[in-house]
Amino acid sequence: MLRGVEKSTTAGTTSELVVRADASDNGATYRCEAFNSALKKPLVANVTPAVLFPPASVSIKLKPRKPKAGDIVTLTCETASSNPESTVLWWKDGESISGHHEGVVNSSYGGKSTRNRVRFNVTSADDMSTYTCQATNHILRRTVHDSYVLRILYKPEFLLPPAERFDVMEGESTVVNATARANPSQVTYSWTRNGLPLLDATDSSGPGARFGHRAVFRGPLLELSDVTRDDGGEYGCEAANTEGVTWTSVNVNVIYPARITKLTRTTVVGHGETASFECLAIANPFVSRMLEWRRPGFDMSRTRETVEKGRSKLDVLNVSRADAGTFECVAFNGVGEETSQSAQLIVKFKPEVRLPHGFSDVAGAEGEGARLVCLAEGAPAITFAWSFAGAVLGATSSSKYASQAAQLDAVTWESVLFVKHLQPGDFGMYTCVARNELGHDHVKVRLRRRGPPDPPYNIRIVNTSSDSIVLSWTPGYSSGLPQQFRVRHHPTSGQPGPRYTDVFPTNSTVFAVAGLEPETEYSFALSARNMLGESLYSKENTRAITQKRKPGTGSNRDALSEGGSEEGERLPRFLLAGVCAVGALLLLLNVVLVACFLKRRKARNAGGSPKGLTQTTTPDSLMYTPSKYQQTINGEAICQMDDKDATYQEEILMKELYEAKKQVSDKCLPGYQTASPYDLTQARKKDNCPDILKNRGMDHVSLQSVPLSDITTLSSEDNSRYSRRGILLPPEENISPHHPRTRTPPTQDSCVLGTVGTHLV
């Protein structure tokens, strides 16, 4: 007996029975009886639910049980009970095939069982085939399936096609594999040559049994050792199992591959002349087009080729500078791998000195040495000469200068000039001259003192909005040292005065200046700083006008103010009074905290501690002076110091204290540090190996289009004179302020020769 959930209302009493239906509930009768004291017998109602259910499984039956190749096979698929009846589909190795519907019969729980079959002739190819039967109840969208792997009995079948040819190089050994597949897989093999049986190496009783036999077999493998031309011919192989016997043959062709014996390695010709190359090869057999000339991307119609047996001559007509390069002679007669050798075509041309962009400067310091590198391309051989201040270096015996030249490839040459013990008069422009029989060329390399960077240049406007402008620039010369940047901007009207923003990340060359007024023209300039000092501001007059603010997008401050006023009018007066009282208490508490803070700061100042940070704008001339930066003991942060701090201490209010704390974090940028005496000492030691200046086209984000949505605001204070906003770039090494950076003792420096100089590692 089942009991439902009863509910009584004015209309009567109801009982609800909740049942989780399964296949056994299909057609089952549920009886509900209702009775009370007024009834002599209960009221009865019957319910017979119709339950839809998918088939629980399918089964596949095979007939005959052990089919052989050529038999007719029947696969029958029968589903379990389903309501409604299921549809059946067949697949063979994942591909759909057609089946024959044999009908539907009644099954358990009032459901239906469906039968379907496939019938076909089988071959050896059907062995190990997988047949899948799938039954689907389309109303419930539920399926079940079963698979059957078919095994077919068949006699051996060779994997090799009949009369397959095997090429064997003379003097070498080879193995011919004539494996046959079969079911049953136990196969026996025998080999013959010219009707005579070969020795079965697996039946020999000792190693001496094979002596004198170059051809033996091990099952399906024919082993040929030390092959001679007499070993060529037809070999027969027989394979047998319980289902039958199969025979096949293979042909052994003793040959040797093509091999280049002679080639013109290098040809040097002048412009407009004809360059000739000759290639000779031997092979067996000789085939047509056994020798071929190749050069990817070259128009071979401009060549003339003469081919004889084992010989090919290539003429390149009316050559030009663009024709210089490598031609390949390829020999292949169908045996083994093709072989090739390279021939070089060199076209004479006068030297061309080249330097990568931005590598025309070399950094050095007095008392140290410098290395200047000059690269040139030309043919034939190139000689170099260096000059400085109008005098040819090396013309007289001097220990101050030394040079050496080297050939890097067929047409590329390199000359390195060493300047020892640099003096003030050694800095300047050096000239490298490259000569050959066709002419000369030169390039100038400037040797500069290692020092502060040059100002950034090529300042461009990338994008604008109503309150921000995105800038990009090219870093100036920085003696090969890392540098940071600062942006100065102000309205062209002159009011208010200039504001300064430190670029972060420090290696970025794209930056967004935020907090600007809409429809206002601004002027921008940049300066740079490295561990040796700071640069002047750029002289470029880069200007841009912010866009008009879109309608309905007022400032956040106005929106908050208006919203607050309207809300305030709706608040009850007693609630406003309570809020004001709480605010007054908080204000009083904060005033006490500020007074304590100022008192402690004065005490520290009196004891020689560094001054606090204020919002006073620093003049341009004092922005990077050493006196304006205070370095912590462990060298973790550099904070700008202002001499006017004392005059503003008493004027700092609640809001100013919060902004001053935020200002410290804005000004103390990670990695923006001045050079400590230890850093400068180590830098001078490392400068003994001069550094080639870094490429001014340093890596930075693409400037084609930089949407403002890709710019991350680091500080959005409207009244902050040192706000930061930058493009997100890969993060730099993070130095935690709680884990001071330790000094490592100086290690031995090493120099790496670059294309135009050296780099210290």
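Placed from the backbone N, Cα and C atoms, the Cβ positions cover glycine too.
All annotation found in TrEMBL is predicted automatically rather than curated by experts.
It is 542-566, from the ranges 292-316, 542-566, that TrEMBL records as region 'Disordered'. Range annotated as region 'Disordered' by TrEMBL, chosen from 82-115, 694-727, 728-761: 728-761.
When TrEMBL is compared with the stretches 479-499, 605-625, the one noted as region 'Disordered' is 605-625.
Here the domain 'Ig-like' (156-253) returns a mean pLDDT of 89 for the predicted model. Counting residue by residue with DSSP, the domain 'Fibronectin type-III' (455-549) contains 0 helix, 46 strand, 49 coil.
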